[in-house]
Structures are given as C-alpha cells and as structure tokens.
C-alpha cells in the first residue's frame, strides 16, 4: 500500500484553470466521480442522437418540396421520443438515489468531530476525547494571513490549527453555525455540509489514504467569506493518538 502511495501523486488542492475534480480519498467521493462520468456518458449519447436526427432531417427532407406528403401520423416516433428520454432519466436517477442514501447514512462511526462555523473562522470539537478535567477537546481554526505564510503553505487555504484524522476510520462530521449560514466543504473527501444556526447536519467520511485535504466555506456568509478555509490532515492511527496526547 505504501509503495503504491509513493508512486502516485494525488491532486488534493485547488489548482489554477482546473477542469476536473480533485482526486478522491473516500468511497463517497469515488462514487460521485463515477456518477458524474456515467451522467456525462449518457448526455454525450443523447447529444449524438439528437445531432444525428437534426442532420438527417435537414439533409433528407430538403430534397422534396412536400416532404410530409405521405406522413399522416407518427405514433412510433412519438413513442420513441417519450420512451428513450424516460429510460435515460431512470438510468441516471437510480444510481444517484443510491449514492445520496449512502452519503447520508452514518453507520457506526468510530469517532465524531463537531464543526461550528462563525464569522469568520471554524471551531472544532473532538467529542470522544476529554482532558483530565472532563472537558472535551476543542480549538479554533483561523486562516493564516498572506504575510505570515511559510514556504510551501497555500494562500487562503492554510490554517493555524488543522483537523487531524486517522485513516481507515469511520468519522462522523456534525456541522452547525453560531451566527449565519456557512458550509463545510472538502472536495477530495466528498464532504459538503450546510452549517445552519440551531441545526445539526451530519455526514460520514472514511479516509482511505494519508494526505492533506483543503476546503473552503461554500456559502456566502459575509465580507470575509473567503477567509474561512479548512484543512484536514489524514495520518496513521499511531500519529493521530500521539497528536491527541499533545493537545
């Protein structure tokens, strides 16, 4: 597994002029990519069929002054242009329903991370870990200003306190907000959860490889909306437990 990871370079950050998705790191995101590819395939089939029919009509029926002289009714044609789109829509709908159910289903999570959006930073809480006083572990995460970035850090993406998660672990993310609507979104993990004041939304993730994943608030929340990035570090379980002990 490690040899495969070392021989591949994954795109887990936004890049200039990007034309496709970031590389997936969870089964949910892998399913979204597969659904997208299938939908694009069906759309290309429909585009090709419609283009062929238009070309055929323009070239065939222009040869006669009265092209519809012997065409009294077109029941077969009407049946086909009703049935084919319906079948294609069903082929798109059923996989999307299955994926939607899988993304919403949170099955026996090993740990829970709560994320609260505030203007304009994130606050995280590890509900399963407590200190000697019995308080849960929590911290605030702010974007690093451009003039304080170190070499290799990303502008408007790096934060002073990232989320650290163990790989190959079912993690439940519970998201809410304290003031206005925000959105917790990490593309490589297939996470996009609305943060609504007074409401808890949840979604699960199973990170299948180590890496650093970036996201940004995807709900317009005010003048500093672009200053609410999120950074997720997926590390081995031993490194995660060592990080917990340091907090």
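Just so it is clear, glycine is given a Cβ too, placed from its N, Cα and C backbone atoms.
The transmembrane segment feature in Swiss-Prot is assigned to 39-58 (among others); the stated evidence is sequence analysis.
The topological domain 'Mitochondrial matrix' annotation in Swiss-Prot covers 59-78, and the record cites sequence analysis as its basis.
The transmembrane segment annotation in Swiss-Prot covers 79-103 (among others).
The Cu cation A2 binding site annotation in Swiss-Prot covers 217, 219, 221, 225. The secondary structure of residue 221 (Cu cation A2 binding site), as reduced to three states from DSSP, is coil rather than helix or strand. Counting Cβ atoms from all protein chains shown, residue 221 (Cu cation A2 binding site) has 21 others lying within 10 Å of its own Cβ.
In the structure as shown, the Cβ atom of residue 219 (Cu cation A2 binding site) sits within 10 Å of 18 other Cβ atoms. Taken from Swiss-Prot, the feature Mg(2+) binding site applies to 219.
Taking the Cβ of residue 225 (Cu cation A2 binding site) as centre and 10 Å as the limit, one finds 17 other Cβ atoms among all the protein chains shown.
Looking only at the topological domain 'Mitochondrial matrix' (59-78), the predicted model's pLDDT averages out at 69.
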